[in-house]
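What TrEMBL says about this one:
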type	residues	note
DOMAIN	16-574	domain 'Myosin motor'
BINDING	GLY109, GLU110, SER111, GLY112, ALA113, GLY114, LYS115, THR116	ATP binding site
Amino acid sequence: MLGGKYDYNQDRERRAGVDDMVFMSKNTDSEISHNLKIRFDVNYIYTYIGSVLIAVNPYKNVEYCRENHMEKYRGATQMDNAPHIFAIAEDMFSNMLIDSEKQCVIISGESGAGKTVSAKFIMSYIAEVSGGGPNVQRIKNVILQSNPLLEAFGNAKTIRNDNSSRFGKYVEIQFSRGGEPTGGVISNFLLEKSRVVSQAENERNFHIFYQLLSSREFCQQYSLSHELRFQYINHAEAIRVAKIDDVKDMHDTQHAMDTIGLSKEIQHNIFSLLAGILHLGNVQFGDKNNYATVLSERDLQAPCAYFGIQMDYLKTKLISRRLEFKEHQENKQVDQTFTVDKAIFTRDALAKSIYSRIFDHLIQAINSAFQAIARSDLSIGILDIYGFEIFDRNSFEQFCINYVNEKLQQIFIELTLKKEQEEYKRENIQWTPITFFNNIVVCDLFEAKQPPGMFLLLDDICASAHATTEKVDKSYLNRLSGLSNAHLIVSPPTFTVKHYAGAVSYHSDQFCEKNRDVLNIDLIEMMQSSTIPFVARLFPEQIATMKARPTTVGTKIRTQANALVEKLMACQPH
């Protein structure tokens, strides 16, 4: 090593292949793959394509990604050292200070590609190289401790990845002119709530449930045990994962909660609610004259205790709802009793709503702890969002996830291929134009207003249809059939979208129900009656002023995605 940096010539043999693939003589798919493989075979996972860093996930810890290697990249340019994510982080940090410009890093890739750990490397590097006193150290601690906390509540084992992010986040860290972190804010996107109540084969629920079950103390406190089969985590073979230490992770989660300022009482409230969700999933229903009944009132005891609500109240609201109507200009009410299927749907909707509200509360708590010491226009944004997904069975969740990835691909095209070639044109540089697929046509298929795209058609069906879920989903497929787009093929009960990353077939069942995502007012009022103040605060809705037509999930994710794009385009991207 020379002057604390890599000696390029001495290191050349270990760094096999080409460091920066812009300098390859042939830029074919096979040559690019071959170069990445040569480097991967000698345990080197990073390679540049110009300013873009390619990372190939080794699914193991790599020695040169540890903290003791950070110093080699401090103050260095990208060309001084081997390709590395620390070089990208250093480039962002130094550019922010030199140019007084907001910076961001867009981390993209398919599910399991290593996006979350890459985001953690960047956060760790920035925390290491930025200065600070006691207040700054507090902000740094929040930056670092937000990771284990959000991973516990937002990540899960999938068939692709033992620690898959089931939500998206954009972390914006604010800095003083001297490069000290002064505050920040986290925006979150589309938590996969459906995982709370069901998981695919060989997958797990969110990590936090298994962390709770790993603690003998918590099991005794919240009436939990591995022997008791919980319907919401009923894949026994998936409970233990070799690379996951639930006991250690539970300690890390509690430490993170302490760091961001959650009191022991609030922590207890959160764990109680999680236990209540598990017990709620074990409430079973029977059929009596085509109406649902709760099979065992004993199953209601635990969730009622942990939610702080009356047992009769929960029993009634799981199997019925109050309908209001006008008759002879008088307001009247009647109780509508559910079928078994509707009762199961209601139980699951309550569990998902409680969990997502806990998650939102944690985001708010982190942002409160992040509160800026002083106002600043300098910031670094880190986008860690779910990767493109293609499963054997793809539903509304994958539909939304892949839409967001299309939007990110559009940014990538704008900022690299398109922008670069337009610059060549302006400067009269002779080059062979690179042809590329501009996925704007796929983005329009999702979000166009005229003619209406798939999201608007879905919203329209949800607003106008009151038939059974099955009939509503069929109506949606019929409307999709009327769209004229080469990237859409409708073949009931599925429709296929030709994405930039490949064709994906989506099963239309429950698309409309998942898009509505409405918790009925009776359940909101029931949770507001909780004797536990924290639980009641999670349901702050003003019933009298609630909209007759709430905002759909599709509208929310579309709005969030476009706001995210605006935010990213206002930064210098990496």
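Yeah, the Cβs are placed from backbone N, Cα and C, and that goes for glycine too.
Any TrEMBL annotation is an automated prediction that lacks curation.
Shown on the structure are the features that TrEMBL records.
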residue : record           : contacts (Cβ under 8 Å, 6+ apart)
GLY109  : ATP binding site : ALA55, LYS115, GLY387, PHE388
GLU110  : ATP binding site : ARG160, GLY387, PHE388, GLU389, ALA501
SER111  : ATP binding site : THR158, ARG160, ASN161, SER164, TYR386, GLY387, PHE388, GLU389
GLY112  : ATP binding site : ASN57, THR158, ARG160, ASN161, SER164, GLY387
ALA113  : ATP binding site : ALA55, ASN57, GLY387
GLY114  : ATP binding site : ALA55, ASN57
THR116  : ATP binding site : GLU151, ASN155, ASN163, SER165, ASP384
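A Cβ within 8 Å of the Cβ centre of GLY109, GLU110, SER111, GLY112, ALA113, GLY114, LYS115, THR116, the residues given for ATP, is found for these other residues of the same chain: ASN57, ASN161, GLY387.
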